[in-house]
Amino acid sequence: MQFECDFLIFLDSLGYLEGKIPCFSYIIVPANCALIYYTSCFESWTILMSRNIAADFQDIEIIGRGSFGLIWKVKHRPSGRIFVRKEISYKGISKKEEKQLASEFEILQSLHHPNIVQVYDIDKNVDKQIINIYMEYCDGGDVSQLIKKYRESKKYIPETLIWQIFTQTLLALYRCHNGIDIEPVASLFQETSNLKIPEVPNLKQVLHRDIKPENIFFMSDNYTVKLGDFGLAKCLGPNTSFTQTYVGTPYYMPPEVVSEQEYNALCDVWSLGCVMYEMCALKPPFTASTHSQLQEKIKRGVYNPIPSCYSNRLKLCISACLITELSERADVNLLLQNTSFKIYRREWELNQQEFELAKREIELKKREISLIRFKEELITREKQAIMIDKALEDERRLMNLKNDETRKIMRQEFDNVVHAKVEEKIRQFISEFKENQVPLHKLLSKHLTLETKQQQQQQIPQLQPQSQSQSQTHQVLGSNNYGAPSSPIKLRGPRSYEDVEIPRYK
């Protein structure tokens, strides 16, 4: 974990945790270390998983039960973030269900949008025969909880909130049905008669097929709406416009599915219209005590009027979604070009920009604080370095003083020893001279050291030519014609103290 923390701190110091880089870039570090994953919809680094995914998570509580298994709220230990783990048991399932699971995984990993619940990773537990899907945790609840809250309080949901949920869910469906994100609003009052469905090569339409209040979630930080639970989603290839199998919730099934006819992406529009109607009336548009009665009501498309407290604009938009004839029902593209939706789209875009700017501002403040702390740390280290240099200089000066004092003492001791030995030699010479009456030059020669004689012998060839005899050489070096030494001979005493090198600290 220490390497992980150091690695994240390193990235943060470089400004990469919230920096823009090319989409879907990966940084993979050694095993048991963090993986940083970049999502284009948030334009920010998101701490993901380590390679040992299951060991990095702590189970908190069960928050739901899906058609294939449990849904857990879990905590990612390295980052401290909260995620959702959806468990899907593949034990004893049929080949058809295996294909359905494979399709779901493919869809989940390909969808990246601010209004779609983000899937981060998939883990397979072979022992338990469970597939774990780790996805974004929406901490603001879902639409079903919102409807229940207002139903119990006997109040209607504010129209502004309905518009916001309606608009953002349509933006998520636009991404699913068209494979791309819608262009930002250029003009609120642009003509919509000539607008066409965007042409995307090799488009794979994603049909959610299970839009209901329980699958529309909220984020508490910036009131973002997210469409999730694509467990029953289906992909349509570029050459496929209709499909026949449908496994959605009965209250939100479109009439073409109830009639067992072919259907397309407009089935999601019908289901969304049912959810928006339920948000207004606090109950589904079509209810019955039996399944057959419910099917008959859906086929007729007859429902009670929306409460009068809501505007005609909202009623018209919901009615456009609940048209039984498939060819006359409004699609996502047409709805989003409506002036009312464009207003809330623009508001949503501005809110997102404001939210991103707030995030950037927070990050800039964090980086500013980090830089200030780093600067303070540098100043502290510089002061410590100066203090260390000063301490070393003082120690060096003290050592030099001690060495000088030691040198002085040793020199004094050396001089004293030399003086004592010289006096002793002089006394010895005088004593021998008085006792034996030996000539002084012979007495001195007797006490010459072997080293001094060798040095004299080495110097003889340089002083006299080789033709001179040994007697002549002795005469020149030893005495003059009168038997006395020709020149004073200097004795070499002990080695001088200055020859001994004593280290001096620099």
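Yeah, the Cβs are placed from backbone N, Cα and C, and that goes for glycine too.
Since this is a predicted model, take the numbers as computed values, not measurements.
These features come from TrEMBL:
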| type | residues | note |
| --- | --- | --- |
| BINDING | LYS86 | ATP binding site |
| COMPBIAS | 455-472 | compositional bias 'Low complexity' |
| COMPBIAS | 473-484 | compositional bias 'Polar residues' |
| COMPBIAS | 495-506 | compositional bias 'Basic and acidic residues' |
| DOMAIN | 57-341 | domain 'Protein kinase' |
| REGION | 455-506 | region 'Disordered' |
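Averaged across the domain 'Protein kinase' (57-341), pLDDT in this predicted model comes to 83. DSSP classifies the residue listed as 'ATP binding site' as strand under the three-state reduction. Cβ neighbour count for the residue listed as 'ATP binding site': 23 (other Cβ atoms within 10 Å of its Cβ, all protein chains included).
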